[in-house]
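Visitor: Pasting a structure here, questions to come.
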């Protein structure tokens with residue numbers, strides 16, 4: 001699967017911009033602030049219907065305008081699909097495939113998979129559990145429509161349960177029957193999500209370890225541990241045991257929405273003992289494992305987006321990474337850099353099939 005072309009209208013700093021891409025390596029070069037990251041984010045948008053940078057849709061509209069649109073032509077074997085995304089102020093986001101609107105945006109997830117490597121990935125190590133859950137959910141959702149459905153349903157019911165708890169507090173009332181309806185839905189969807197997450201970690205860790213070993217050139221003990229309250233008890237018991245706490249705090253304090261991933265080096269959190277180089281290798285290995293898992297499950301080659309890759313690695317390591325990705329035949333690659341000569345020198349050493357774009 002490849003992205004043949006991309007059109008941007010009123011997207012972030014671009015008034016209008018068109019690109020035609022190589023089916024292998026595409027290099028976006030230019031000074032900071034020229035929009036290299038925005039182009040990569042536009043591709044991510046067309047793949048996953050939202051920004052990788054987690055901004056609201058409205059924040060991606062060019063200043064002074066009231067809409068933005070993206071259009072990409074994807075090719076998968078002999079099939080060609082035109083994907084259009086439109087965001088207008090005050091209106092519902094519209095996504096079309098070959099001029100036919102999706103009824104639900106979730107129907108699009110997984111059809112055109114992609115993986116982003118970004119400086120913001122450091123949040124996976126440095127910040128709270130929500131970043132690691134998002135990483136896990138993002139990957140499984142591209143592979144499993146049932147997981148995506150259960151996750152959407154769980155998040156909706158969680159908001160409804162929390163709203164009911166707040167209502168109980170404001171009105172100084174309690175209705176066990178009404179709360180039980182939401183509890184049943186949380187339990188049903190939460191148990192399914194938990195089951196898929198366990199399977200995901202089992203499949204993921206061995207692939208991740210392989211890439212970390214290649215990138216680090218060292219024998220280091222690494223692991224990813226899935227942390228969940230459901231390891232110790234049932235979801236039903238969890239809600240029952242924490243009911244008083246939930247009523248007092250007016251939100252649901254326990255559940256799979258509190259799950260986490262513990263990244264370990266030599267059996268300790270890599271956040272605490274990992275060097276900068278070890279953490280960079282860890283993060284990139286996460287993304288390469290994500291690429292391989294998606295490729296194996298979906299039988300599609302995900303698009304790889306590498307934003308400001310020299311922020312993470314020196315030139316030799318970047319060349320090694322690109323050779324590795326090409327050798328594994330992962331598919332189309334997009335990368336950004338501030339130095340044209342540096343990028344072109346590396347790419348010419350490993351492939352003749354590339355395009356370079358000055359922004």
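Heads up, the Cβ atoms here are built off N, Cα and C, so glycines get one too.
Summarising the annotation, TrEMBL assigns domain 'RecF/RecN/SMC N-terminal' to 3-336. Annotated ATP binding site per TrEMBL: 30, 31, 32, 33, 34, 35, 36, 37, in sequence order.
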Visitor: Taking every protein chain in this structure into account, which of the binding-site residues 30, 33, 35 has the most other Cβ atoms within 10 Å of its Cβ?
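Guide: Per the Cβ count within 10 Å, the most buried is 35.
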Visitor: Counting other Cβ atoms within 10 Å of each residue's Cβ, which of the binding-site residues 34, 36 comes out lowest?
Guide: 34
Visitor: Averaging the per-residue pLDDT over the domain 'RecF/RecN/SMC N-terminal' (3-336), what integer do you get?
Guide: 93
Visitor: Compute the centroid of the Cβ atoms of 30, 31, 32, 33, 34, 35, 36, 37, then list the same-chain residues not in that set whose Cβ lies within 8 Å of it, in sequence order, for the ATP site.
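Guide: Leaving out the recorded residues gives 336, 338, 359.
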Visitor: By the DSSP assignment reduced to helix, strand and coil, which category contains residue 31 (ATP binding site)?
Guide: coil
Visitor: Looking only at DSSP and grouping its letters into three states, which state does residue 37 (ATP binding site) belong to?
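Guide: Once the DSSP labels are grouped into three classes, residue 37 (ATP binding site) ends up as helix.
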Visitor: Could you tell me which of these binding-site residues, 31, 32, 37, has the greatest number of Cβ atoms within 10 Å of its own Cβ?
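Guide: Within the set of binding-site residues, the most crowded position is 37.
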